[in-house]
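Under the heading 8-oxo-dGTP binding site, TrEMBL lists ARG23, HIS28, GLU34, PHE35, PRO36, GLY37, ASN119. Per TrEMBL, the feature Mg(2+) binding site maps to GLY37, GLU57. Residues or ranges marked as domain 'Nudix hydrolase' by TrEMBL: 1-129.
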Amino acid sequence: MKTLQISVGIIRNSQGEIFITQRAADAHMANKLEFPGGKIEEGESSEQALVRELQEEVGITAKAYSLFDKLEYQFPDRHITLWFWLVNSWEGEPWGKEGQPGRWIAQSALVAEDFPPANEPVITKLIQGSQIG
C-alpha cells in the first residue's frame, strides 16, 4: 500500500478569504477542490515542502505560517498524512501556475463535500473558526 506525506497551505487573506484550486479531471479525487500543496520529498521537512509546493503550484513565497492541523487518512489504495499550514503572509499573488483553476472563497463558504474526504475535519474547523469574533 502506498504511503504519502503531504504538506498543504491554507492561504488566507486579510478579508478572511481562502485561496483554493481545483484538481485535474484525470487526478486522484478528480475535479475536487483543494488547498495548494503536495508530497513531502525525502529529506525535506513539512515546512520546506510547503514553501516549495506553494512556489511551484501557485507562484507565491510563504513568509508567515503556522501548523493548523495534522491528520491521517486511509484511502482504499493509500495511507496519507496531511500537514495543514495556515499561511497568513506571502509574497506574490496566488494563481494556478500549473494550469489548474484557482479562486478566493470566503472561509465561511467552504463546503466539505467539495473537497477530498480527508479534508473534512479541517474544513469543519475552518468554518467554526470563521464564526468566532
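Every residue gets a Cβ built from N, Cα and C, even glycine.
GLU57 (Mg(2+) binding site) and PRO36 (8-oxo-dGTP binding site) are 7 Å apart (CA-CA, integer value). Other residues of the chain with a Cβ within 8 Å of the Cβ centroid of ARG23, HIS28, GLU34, PHE35, PRO36, GLY37, ASN119, the 8-oxo-dGTP site, are VAL8, THR21, MET29, LYS32, LEU33, PHE115, PRO116. Every protein chain shown contributes to the tally, and the Cβ of PHE35 (8-oxo-dGTP binding site) ends up with 24 other Cβ atoms within 10 Å.
Figure note: comparing Cβ neighbours within 10 Å for the binding-site residues ARG23, HIS28, the maximum is reached by ARG23.
Same-chain residues at least 6 positions away in sequence with a Cβ under 8 Å from that of GLU57 (Mg(2+) binding site) are, in sequence order, THR21, PRO36, GLY37, GLY38, GLY96, LYS97, GLU98, GLN100. Under DSSP, GLY37 (8-oxo-dGTP binding site) is assigned to a strand (E or B) in the three-state scheme. The Cβ of ASN119 (8-oxo-dGTP binding site) lies under 8 Å from the Cβ of GLU34, PHE35, LEU82, ALA112, each of which sits 6+ residues away along the same chain.
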